[in-house]
C-alpha cells in the first residue's frame, strides 16, 4: 500500500513539473520542458522556504544557483582571470593567439532579474570564453550587487563603475584594447543595465572614450506598464512568467511586497508621474500584429506613497525606455534581440521603434520561435543560431 501511494505521488509530481504547455512553434520541446521544469522546481522550493519563514525567495534561488558556478579556468584558446574594477568583481577573458593589432573590447553584463546569476555561472562563463575566442576580443564579464541584499541603484552603480574603470586609457592599453572598438552587451536584466549605462555614458563629460556599440539581448526596459501585450500573453511562457518578472522588478527596488502587489495589478504609477507613460505607450510603439486591443488604456493610477518610497520604478536609470529623444539620439549602433514567447518582448520592440524614430542605427533580430533564456540555453540548436547571429553582428560592427 505504501509503495502504491509513493508511486502515485511520484507520478503526480512528475506530471506537474513536466506538463508545461508550449507554443507549437518552439523547437526541441522536450529539451525546453526539462529546463523549464528545473526552473519551476527551484521557484517552488524558494516559495515553500519563504512561506515557512526559512529564507527569502531570492536567497534560496541564489543558493541553488551557486552550484552552477565554475572557477576561472583558462583553456587552450582563452586565458581567464578574476580581478576588480573600482572594487567591482570582474572576470576577464583574453584570447591566447597572438594579435598584431589592438583588440576589440566587450563588457558583458549577466542577467538574473537583478537578483540572481554571476560572471562565474557556467552558462555565462561558457558564453564569455566563446565570445572572446570567436570575436578575438577582450571580454570583461562584470558582477554587481544583487537583491535582496542590495537594491537599485546599487546594481546600476556597480556596472557603471566597472565600465568607467575599463574605459580609462591606461586600462585599455594594459589589456591591448582599441579605444575606438569597445562595446557593451547583456541579456535580460543585464540588457537593462547595458542600456542604462550606455545612456549614462553619453551624458558623462568625464569619460572621453565612448562606446562603439551596444548589444541588448531580450532586455527589460520599463516597469511602468506590466500589462503590455507580451505581459498579458506571458502567464505561461517558458522560463519567465509575468508573475516572476513582476517579482524581479519589485525586488530590484524593495523587499516590500506591497509594491509587488501593486505592480501585479498594474496600479503602481501615481497620477503625477503619468506623463511618463507616453514613453511606454504600446498602442503607438508596437507593430500592429502585437496589439491585443485596438483601444489602449492607461494603467490605473496608484499611490503616491509607493513612488515616494521606491522612486526607482520611475527612474530612467532603472527603466531606459523613459529616456527622452534628445538622449536616445546620441546612442551608438545598437543590436536588439527579441523573442516571440517572452514577457519582455514588447520592451525590446518599443525600444527598437523609439531608437529608429530618432535616427539611431538599429539592427533588430526577432526570433519567432524564441523564448526568454534561449540565447544562453545549453545544448539548444536555437541558442547556437542566436549566438552565431549575435557574433556576426559584432564582427561587422565592433
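Placed from the backbone N, Cα and C atoms, the Cβ positions cover glycine too.
Close to residue 188 (active site) in the fold, though at least 6 residues off in sequence, lie 111, 112, 113, 217, 218, 219, 220, 240, 344, 372, 373, each with a CB less than 8 Å from its CB. Sequence annotations record features per position, and here TrEMBL assigns active site to 188 (among others).
Annotation source TrEMBL lists active site at 342 (among others).
What TrEMBL records for 372 (among others) is active site.
As annotated by TrEMBL, domain 'Alpha/beta hydrolase fold-3' applies to 106-258 (among others).
Along the domain 'Alpha/beta hydrolase fold-3' (315-375), the predicted structure has mean pLDDT 97. Residues or ranges marked as domain 'Alpha/beta hydrolase fold-3' in TrEMBL: 315-375 (among others).
The transmembrane segment annotation in TrEMBL covers 5-22.
The Cβ of residue 372 (active site) has 26 neighbouring Cβ atoms from other residues within 10 Å, across all protein chains displayed.
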